[in-house]
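Report on the following structure.
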Amino acid sequence: MAFASEDNVYHSSNAVYRAPSNHQEADQEALLGKLLDYPAPGLQRPEDRFNGAYIIFFCLGIGGLLPWNFFVTAKEYWAYKLRNCSSPASGEDPEDMDILNYFESYLAVASTVPSLLFLVANFLLVNRVQVHVRVLASLSVSLAIFVVMIVLVKVDTSSWTRGFFSLTIACMAIISSSSTIFNSSVYGLTGSFPMRNAQALISGGAMGGTVSAVALLVDLAASSDVRDSTLAFFLMAAVFLGLCMGLYLLLSQLEYARYYMRPVAPVRVFSGEDNPSQDAPSASSVAPASRVMHTPPLGPILKKTASLGFCAVSLYFVTAFIIPAISTNIQSMHKGTGSPWTSKFFVPLTVFLLFNFADLCGRQVTAWIQVPGPRSKLLPGLVVSRFCLVPLFLLCNYQPRSHLTKVLFQSDIYPVLFTCLLGLSNGYLSTLVLIYGPKIVPRELAEATSVVMLFYMSVGLMLGSACAALLEHFI
């Protein structure tokens, strides 16, 4: 019995099956975790006891983005270190002020460009290096970089500010590269699991941002010395990275996880040449090593994910364009009143905490609601509508500004509302896009497709951060 054509094939956790001809019906079925999870012949599907795998993936999601979030949210620390530490009020030369004013943009570019390159590398390594090697190695590198940053917290860098800046950018590039390998490897792993596990991982990423924002606020409130608060900040990140290593090792011991992590035989239906019969080897059979392709077929994956890829690029372009380069430079209209809520805590509250919490809420909603579907024209329409948020943020009290002198929204409530809308839309729509991608291809291509989806995401982040860095000089 022949398989359906490529356009009508959907991926379950363990098999490929003929999708209904009606697109709306197909979308609904593709989103039902239970229906997508057909057990292979001869194997009984185990239950996720006590939601152990779900919790582990959620924690791994936190750990995957925690290093980046901790780097970005430590704004006061970077401002302190990039000035003359012993005399912050002294006159800096124009080059030092340029580094200080546009540091967030430099940091964003340093994180997105290496991320893009290492996503390509990870795509090539999918079938060459085992996933547990990639995960543990990337976590170890991130942990080592944070140890270096912890040591530098207490080092007086006032005599080599530019050298410290270069070292920080290099550390950010390494952190971004290792985090990319970790995130894409774990996200690819969830492609073989039911959809709820991918949702847990993606929601965990938003929780990582929320945790870092809360930790920053607590540190700022509890410590008068920015170095002490940052030391506690970075130590927390290092401890959690170590915890992630332990949790990942624990994951492979769960019966539920072992069931979905077992090897899969190659399926020829996706080659574009012919359609195999359903009598081909089942998904549970183990493929001989000599038959496993070293590099997944990129062309068919790009074809199947073209629409979702456009959505991913557009979504993250807008988000990276606004955060952190634009949003962190929006000041309270009442900054001069002397209140800490309109000065010291304004950016941590209205940008980092609010955005990450709204992002988390948007991602959690996808655990119960998954509309529009992967074939719906409404999905790209909603994504494109987010471009309207860019001018709204620019017309808030962004400082410094030399050319665009008009501040249209002269109330602090506007950046709060815009940030909520940005976070909710980013969380909900990006989660839908990322969990759809690996589910519209055969299971053995799920990990490679996950890497491709993250590649789309990184392209959007890189373009957004680069455009924001350019735009800042014209505002």
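Just so you know, glycine gets a Cβ as well, placed from its N, Cα and C.
Taken straight from Swiss-Prot:
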- Ser21: phosphoserine (MOD_RES)
- 52-72: transmembrane segment (TRANSMEM)
- 73-105: topological domain 'Extracellular' (TOPO_DOM)
- Asn84: N-linked glycosylation site (CARBOHYD)
- 106-126: transmembrane segment (TRANSMEM)
- 135-155: transmembrane segment (TRANSMEM)
- 156-162: topological domain 'Extracellular' (TOPO_DOM)
- 163-183: transmembrane segment (TRANSMEM)
- 200-220: transmembrane segment (TRANSMEM)
- 221-230: topological domain 'Extracellular' (TOPO_DOM)
- 231-251: transmembrane segment (TRANSMEM)
- 306-326: transmembrane segment (TRANSMEM)
- 327-340: topological domain 'Extracellular' (TOPO_DOM)
- 341-361: transmembrane segment (TRANSMEM)
- 378-398: transmembrane segment (TRANSMEM)
- 399-415: topological domain 'Extracellular' (TOPO_DOM)
- 416-436: transmembrane segment (TRANSMEM)
- 451-471: transmembrane segment (TRANSMEM)
- 472-475: topological domain 'Extracellular' (TOPO_DOM)
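The transmembrane segment (200-220) shares more Cβ pairs under 8 Å with 341-361 than with any other stretch in the list 231-251, 341-361, 378-398.
Between the transmembrane segment (416-436) and the transmembrane segment (341-361) there are at least 3 Cβ pairs closer than 8 Å, counting only pairs 6 or more residues apart in sequence, which means the two stretches are in contact.
Residues 72, 75, 102, 104-105, 107-108, 112, 351, 355, 374-375, 379-380, 383-384, 386-387, 389-390, 393-394, 398, 422, 426, 429-430, 433-434, 436-437, 440, 452-453, 456-465, 467-469, 471-472 of the same chain lie 6 or more positions beyond the ends of the transmembrane segment (306-326) yet place their CB under 8 Å from a CB of it.
Sequence-distant residue pairs (6 or more apart) of the transmembrane segment (52-72) and the transmembrane segment (231-251) include at least 3 whose Cβ atoms are under 8 Å, placing the two stretches in contact. For the topological domain 'Extracellular' (221-230), the DSSP counts in helix, strand and coil order read 7 helix, 0 strand, 3 coil.
Long-range contacts of the topological domain 'Extracellular' (221-230) within the same chain: residues 74, 76-77, 80, 153-154, 345, each at least 6 residues beyond the stretch ends and with a Cβ under 8 Å from a Cβ of the stretch. Nonlocal intrachain contacts for the topological domain 'Extracellular' (472-475), taken as residues 6+ away from its ends with a CB within less than 8 angstroms of a stretch CB, comprise 101-102, 105, 325-326, 329, 394, 398, 401-404. If one looks beyond the topological domain 'Extracellular' (327-340) by at least 6 residues along the same chain, the residues whose Cβ comes under 8 Å of a Cβ in the stretch are 75, 104, 346-347, 350-351, 355, 393, 396-400, 410-412, 415, 419, 472. Model confidence over the topological domain 'Extracellular' (327-340) is summarised by a mean pLDDT of 85.
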